[in-house]
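What Swiss-Prot records for 66-101 is domain 'EF-hand 1', and it gives sequence analysis as the kind of evidence. Swiss-Prot lists 103-138 with the feature domain 'EF-hand 2', giving sequence analysis as the kind of evidence. As annotated by Swiss-Prot, Ca(2+) 1 binding site applies to Asp116, Asn118, Asp120, Asp127. Under the heading domain 'EF-hand 3', Swiss-Prot lists 144-179, citing sequence analysis as support. The annotation Ca(2+) 2 binding site is assigned in Swiss-Prot to Asp157, Asp159, Asp161, Lys163, Asp168 on the grounds of sequence analysis.
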Amino acid sequence: MGNKQTIFTEEQLDNYQDCTFFNKKDILKLHARFYELAPNLVPMDYRKSPIVHVPMSLIIQMPELRENPFKERIVEAFSEDGEGNLTFNDFVDMFSVLCESAPRELKANYAFKIYDFNTDNFICKEDLELTLARLTKSELDEDEVVLVCDKVIEEADLDGDGKLGFADFEDMIAKAPDFLSTFHIRI
């Protein structure tokens, strides 16, 4: 009937609004983006809450992620299945956390997951080495990498255990004025 959307029920849209930083228009825009990634897989009608997983290989081709050296890690951090495949809910969560309105604490939680390559709930020297390799496209020599990693741990490791727990990480990014402006993507 007319221009009334039939992708989601009103209750679904209300629920998305309640648990994200988006309005109804944003949710519909996100669905359109999700649909564009895999039109043969993603239904236009979500009123019966279908569970559809779009593969990471398609998600990382989005313009917002394509050039990001952490694109796979970002997608994995939001993937319920742990393989990087995203449901629509995962996709909305990713955009919600990475939107400008999301609070620093929420962004910090996901940033920590992204940099914790070995998923041991710490950012250790090996995690920092992998981070540096991605940021510098492996252009630093081994001595430079060791120096940078040692310096980061020396300055950010508040409890002296040789690795960064979440509290150490949160304290470190609180001192980074550009964290909020760089840890986001737009719809």
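Glycine is treated like the rest: Cβ placed from N, Cα and C.
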Contact set, same chain, for the domain 'EF-hand 3' (144-179): CB under 8 Å, 6 or more residues outside the stretch: 104-105, 107-109, 111-112, 115, 121-125, 128-129, 132-133
Asp168 (Ca(2+) 2 binding site) to Asp120 (Ca(2+) 1 binding site) - Cα separation in whole Å: 15
Distance [Cα-Cα, Å, rounded] between Asp116 (Ca(2+) 1 binding site) and Lys163 (Ca(2+) 2 binding site): 11
Alpha-carbon distance [Lys163 (Ca(2+) 2 binding site); Asp120 (Ca(2+) 1 binding site)] in Å: 11
8 Å Cβ shell about Asp157, Asp159, Asp161, Lys163, Asp168 centroid, Ca(2+) 2 site members excluded: Phe122, Ile153, Ala156, Leu158, Gly160, Gly162, Leu164, Gly165
Rounded to the nearest Å - Cα separation of Asp127 (Ca(2+) 1 binding site) and Asp157 (Ca(2+) 2 binding site): 14
Surrounding CB atoms that lie within 10 Å of the CB of Asp161 (Ca(2+) 2 binding site), all protein chains: 12
Chain-internal residues, separated by at least six, CB under 8 A from Lys163 (Ca(2+) 2 binding site): Phe122, Ile123, Cys124, Lys125, Ile153, Asp157
